[in-house]
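Features reported for this protein in TrEMBL:
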DOMAIN    46-158  domain 'Ig-like'
DOMAIN    165-260  domain 'Link'
DISULFID  Cys211-Cys232  disulfide bond
DOMAIN    266-355  domain 'Link'
DISULFID  Cys310-Cys331  disulfide bond
Amino acid sequence: LPLLLKATLLRLASGSYHPFHNGFYYNHIMNDDSDGQDKVDYFSGAKLMVETSKDPVYSYSGANVTLPCHYRYEPDQGPKRKIRIKWSKLRDDYTKERDVMVAIGRTLVAFGEFKGRAHIRQGSRHEASLVISDVRLRDDGKYRCEVIDGLEDESDVVDLRLQGIVFPYQPPRGQYRLNFHEAEQVCQDQGAILASFNQLFQAWSEGLDWCNAGWLADGTVQYPIRLPRKPCGGVHLAPGIRSYGPRHRHLHRFDAFCFSSALKGEVFYLDRLAGMTLEEAKQSCQDAGAEIARVGQLYSAWKLAGLDRCSAGWLADGSVRYPIVTPRANCGPAEPGVRSFGFPSKGRFGVFCYRER
């Protein structure tokens, strides 16, 4: 062996070497005190700690929201050099991250759809909270707050949940006609997005029972059952979310579960003595300084604003529906909900309009 390598091996074998030193003192990282337990000594004498909210943070579409995040050192080392703060949005299964923003001191860069909407709130020492303005439906989900100080890197996760409603959707041409990409589009057309599993689960826990399978945002196909019955998985299965698992996004066809949140504007009803055709209904909304409402807007107004109207009205997709908060005679079933007359090819009804505030 070369002379230098021999000298190095002899030095290591002797056990009389000193720990590596390069600006930081790296003590013996793993120690064995003969109790079978490995222990860690942190080289700087202070451990970086990052904490976010343990409870979900709730918000709604169009609002501003702050996702809390603070860091500290144990023991406190006083003022430190500028640290790097990184926020990322996670998938529900934690397998993939999407950059939201990175900040060093007062310099920050936001990415993608968060440009112009995200910044760091530094109202107190060691704060790294993320502020998102004009919250959008797709902002719902888990976020990672990561703090990097030199070689130390710690993080924690906070859950942002939008207050809203999940509703099943079938297109005019009937049941099970949508592949995944078409399902995404029809939800968007109705002022909504494809629901996540967590959103569907929340809706099921609040009473949603629907026997038709629909796409979710992760590409799986599922449906919520409160009352087990033969056509819906069988009477012997417990209530819960029935799952077909991931399906082929182009070839397989199902319905869609859409998610809509609170509205910036209002949904209101217009009518004429003789009713209106669909085209007349659209024009009536325009004459009132509004537009014909979409399905997601009607569901949001029913669920979140208490819209209750026992009169059928046109919606933008050509369907006729009406929202009932307080069930009563001649207004459909005995439970609250949005009633549907389907997609009539002819007929005269009122109209639900939507106007921004």
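The backbone N, Cα and C atoms fix where each Cβ goes, and this holds for glycine too.
Cys211 (disulfide bond) sits 23 Å from Cys331 (disulfide bond), taking the Cα positions as reference. Mapped onto DSSP helix, strand and coil, the domain 'Link' (165-260) counts 22 helix, 30 strand, 44 coil.
Cys331 (disulfide bond) sits 27 Å from Cys232 (disulfide bond), taking the CA atoms of both as reference points. The most densely surrounded of the disulfide-bonded residues Cys211, Cys232, Cys310, Cys331 is Cys232 (count of other Cβ atoms within 10 A of its Cβ). In this structure the C-alpha atoms belonging to Cys310 (disulfide bond) and Cys232 (disulfide bond) are separated by 30 Å. Secondary structure by DSSP for the domain 'Ig-like' (46-158): 6 helix, 62 strand, 45 coil. Per-class residue totals from DSSP over the domain 'Link' (266-355), listed helix then strand then coil: 21 helix, 26 strand, 43 coil.
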